[in-house]
Amino acid sequence: MQTNEWAAKLRRFDAYPKTLDDFRVKTFGGAAVTIISGFFMILLFVSELQYYLTLEVTEELFVDTSRGEKMRINIDILFPKVPCAYLSIDAMDIAGEQQIDVDHNLFKRRMDLQGNVLDEPEKEELGDPSDEFLQAIKNLENKTANVCESCYGAETEDLRCCNTCEDVREAYRRKGWAFNNPDSIEQCKREGWSEKLKQQKNEGCQVYGYLEVNKVAGNFHFAPGKSFQQHHVHVHDLQPFGGEKFNLSHHVNHLSFGTDIPGRVNPLDGHLVAAKQGSMMYQYFVKIVPTIYKKISGQEVRTNQFSVTKHQKQVTAASGEQGLPGVFVLYELSPMMVQFTEKQRSFMHFLTGVCAIVGGVFTVAGLIDSLIYHSARAIQQKIDLGKAS
């Protein structure tokens, strides 16, 4: 008896009172609302599940205290109107380090005016070289091994012999001399240096690869002419080109600083510039933000993000502007560092979201069903009264 009394008292707290099946009315509108609300529940549940399965990336900002690091610059730029023989790539920074006429880890690919590759090797089987060919190569090597040709007054301690035109150009560069008369140099005449320049005049060049630089402010640039230092000033020798106005149109396929990370946008990727005038100087002022990306596996990736502003001017005697025709990228580093950290989303947050979806859709569906049912009943009662009268 006492148990029944306790059960009766406990039933008072039932927030979900039930009605008998005989008093339940099932309608077509209620069925339609149930099916539609069930569809929305499934749709929202799938959306919530997908959100839960994605990683959460948190962002922090703090002062960059790293020192003595190197920075990798990834480059892929096409110059459709500048031959590879004309183009020189240099890099320098405020610490005083210079990389002149860079040819390590950076490559040049000759292109025609239609963008087709010119100097890729043919993909065909040539077979083993013959004994006569190998012997001829060996004889040529033996013949030139002990030859020491003149550097035309530009000899240095570590470069006493100039057996090729490129050796003479390098010796002149080290001395800070202009290389303005290649036809008077025997090595260049023998190699047909001037003829090669003329042959490549209507070609383009793709520069791709990467640079390793100090993690300090600096610049790198692409400009015609052999570069050298003269009275502590960086200059390019343009005399062999006879005052030609260079078309510095360029297409930046890719330019980034460091390793790629999820969500990073490189603002210069796909950037196309068509020069409307000759001898243009294009400057890109880049602000680099050091970045750390911590993956959920514990792996840490150190890279960089950057923003860029652009400036251009024509550098000719007529324009009165000082400078060198070319493409210049001047970069500086922010003292702040950004850190992104991948985290797994909270399961309790996911569970709360699922309950909110089910409860919210169920409640709204109940309100809509009640509105439809009572509206239909009121309309039906008015129709019945109209017929009765």
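From the backbone N, Cα and C atoms, a Cβ is placed for every residue, glycine too.
Copied over from TrEMBL, here are the features:
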DOMAIN    10-99  domain 'Endoplasmic reticulum vesicle transporter N-terminal'
TRANSMEM  27-46  transmembrane segment
DOMAIN    151-369  domain 'Endoplasmic reticulum vesicle transporter C-terminal'
TRANSMEM  347-368  transmembrane segment
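Broken down by DSSP into helix, strand and coil, the domain 'Endoplasmic reticulum vesicle transporter N-terminal' (10-99) contains 31 helix, 27 strand, 32 coil. Proximity of distant same-chain residues to the transmembrane segment (27-46), defined by a Cβ-Cβ separation under 8 Å and at least 6 residues beyond the stretch ends, is recorded for 354, 357-358, 361-362, 364-365, 368-369, 372-373, 376.
Across the residues of the domain 'Endoplasmic reticulum vesicle transporter C-terminal' (151-369), the predicted structure has a mean pLDDT of 85.
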